[in-house]
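As recorded in TrEMBL:
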- 7-122: domain 'Tetrahydrofolate dehydrogenase/cyclohydrolase catalytic' (DOMAIN)
- 141-287: domain 'Tetrahydrofolate dehydrogenase/cyclohydrolase NAD(P)-binding' (DOMAIN)
- 167, 168, 169, 233: NADP(+) binding site (BINDING)
Ligand SMILES: Nc1nc2c(c(=O)[nH]1)N[C@@H](CN(C=O)c1ccc(C(=O)N[C@@H](CCC(=O)O)C(=O)O)cc1)CN2
Ligand SMILES: [Mg+2]
């Protein structure tokens, strides 16, 4: 018996970056401009520092301009709002990303809603959320976009599939459902209050787990042959007392049943930054009317 197909997020993310590097080079040679991405970090959260460093490095690697603003944890909300306003007005900045989480004294929703929707490369602004749901051209959240790319890497046509999204957050679960609907899936959003969740998930040809609970989805919830996309990144203590990363799916169990499955780490995670680069190119094209082709 052959095992499940392990979906290699690192490899697919490298393909997306290579595609973006080609596009950026074509834009540069045709129009003499390159897209610019501004990333704002407030405070000293160690994981956030790593993600911001990786975002800057990968932005430069594909040939775009990276602008980093590292602010102290004591930065006031007004100072942050003023910086966002300056970036909104700067024509060299095509994409703005404020790294989350923000310190507790700052209203994250207010800050995110202050980003000009056309520069909102996270796709979190209500204008982009609305555009996504009504099928207009929008900047779409990176993690759900990456998750769809991974699902399509093993099943290029998702049309007609029963998809169950476990989790209803604004940044993953809900946009994920909108994107799968756009792919003509029949979409169910399950969550912590869903009755008989095992049997809801069991009907799915495609399961996306984004609930934020380590190993929540068990192997016997998975329909044999289903595609399983695990968005969770949870740091837990292993039996040896050392920290390890696990997803929202019990991988050891689910991989015995699934047709294809993403690992954690090395699945959805690497796609998040690759899709951020993709959104920055998209934002540049929307703002300037210039593209790699014309
Ligand atoms: N403004 C935003 N803030 C945050 C986002 C976001 O999309 N926009 N997402 C996360 C953090 N994040 C990017 O910002 C991110 C998280 C994880 C990964 C990743 O590649 N993970 C690896 C494992 C890394 C590890 O060992 O810790 C993997 O899954 O293989 C990339 C980006 C919260 N904040
Ligand atoms: Mg992963």
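Count begins at 1; order follows the chain as displayed.
Each residue, glycine too, has its Cβ placed from N, Cα and C.
Keep in mind that this is a model prediction, so the values were computed, not measured.
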Counts of helix, strand and coil residues, the domain 'Tetrahydrofolate dehydrogenase/cyclohydrolase catalytic' (7-122), according to DSSP: 62 helix, 19 strand, 35 coil
Express the predicted model's confidence over the domain 'Tetrahydrofolate dehydrogenase/cyclohydrolase NAD(P)-binding' (141-287) as a mean pLDDT, rounded to an integer. 97
For the domain 'Tetrahydrofolate dehydrogenase/cyclohydrolase NAD(P)-binding' (141-287), give the DSSP counts of helix residues, strand residues and coil residues. 55 helix, 30 strand, 62 coil
Out of 167, 168, 169, 233, which binding-site residues have CB atoms lying under 6 Å from ligand 1? 233
